[in-house]
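Under the heading transmembrane segment, TrEMBL lists 29-52, 59-81, 118-141, 153-176, 200-222, 243-268, 280-297. Taken from TrEMBL, the feature region 'Disordered' applies to 312-348.
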Amino acid sequence: MPYSSMFTHSVPVNESAVEGFDRLVQYHIVNSSLGAVCMTINFALLGVFLGYPPFRRKYQLLILLAVGDTINGLAIILTGLNRVYLYATALETYTLPVRTPWECAVETWLIMKLIGDLLLPITTLCMGVERLLAILCPIFYHQHLDGRPLKIIVSCGTCLTFVTISMGAAFLIAAYKEHEHDSAMYYCGRKAAFGDEFGAFIYTHNIVCNVLAAIFSLAAYVKARRMVKTQTRMQRQLGLIKNYFIISIVSTALVSLPNAIHLFQVYVKELSNSISKPAYWAQTVNSGIHFFVYLALNSEFRTRVREIFYPPNKTPETGEKHRLIKASPTGAEHRNGSLPKDGGPSEL
């Protein structure tokens, strides 16, 4: 497929311009593969959450986080395919495409990535704020938010509103740059489409939201640990707070640090691919790790997953038990596990 069918037009370049592109092809193949694995894991995670009504009522923010991770995984796959085609074609033809900011902004993979970059950090922050509010203002939280539609409106609505406004601002910037006849880097990306300032905003947004989420979740956990001695109901809160805290810590390590590297490259100097590319892999891994965090720390989630893969009526013991109950004329199970000899009702 020639460039002309994918980009507006291209220009010839010499051999030095495409030096190292073979390594970039390999890097994006790896990253796309990681993205595919992470997206598959998040489809399974969404299946667990959405397929169980109590989870749908209890874990709206975790569901929104899983949706963001799924979108991010799709963005990573599409980004990788786009870049592999770009660099492989450049190596073959010694040409590079000429792009405009608006052409970059309307790329599907970039839109998906922008949604993930905006949605995931703000959702993580709202999770920390929600847990802290539940601990500091328990009466207000349980009377007005817990299990009520207002909680979904406030928490999920805040996240989606922020994403919508930020994306609107991004496309206005791209339209203005297009009007000014600005050009964009051939590989596109957030800075190429929306400018260095908006790119810095994305990086800062990721860092600040994840760090604040970790601080709020830690504060909530410490407060709950103190209160559990006098209020036993706080014991139920500790597990969920611990989940939120681990998520925010992992995101701080795997997302905030790479974004700090990107921010450094915007205002200080470029770093070699040996540093920047593995940092991007860390961000990719973060999109698929939450399933295992819940599996390790949330006993309710772990039980639900076990029930999905090993339904109670499928195990040998319960299967035989179910068969005996079904065979009984009354459908009742005999106390010693066998049917009455006379075929009459079981003893109670």
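Glycine is no exception: its Cβ is also placed from the backbone N, Cα and C atoms.
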Would you say the transmembrane segment (59-81) and the transmembrane segment (280-297) are touching, if the rule is that at least three C-beta pairs must lie under 8 angstroms and be 6 or more residues apart?
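The answer is yes, given that the two segments have at least 3 Cβ pairs within the 8 Å cut-off.
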Of the listed stretches (59-81, 118-141, 243-268), which one yields the highest count of Cβ-Cβ distances below 8 Å with the transmembrane segment (200-222)?
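Answer, by Cβ pair count: 243-268.
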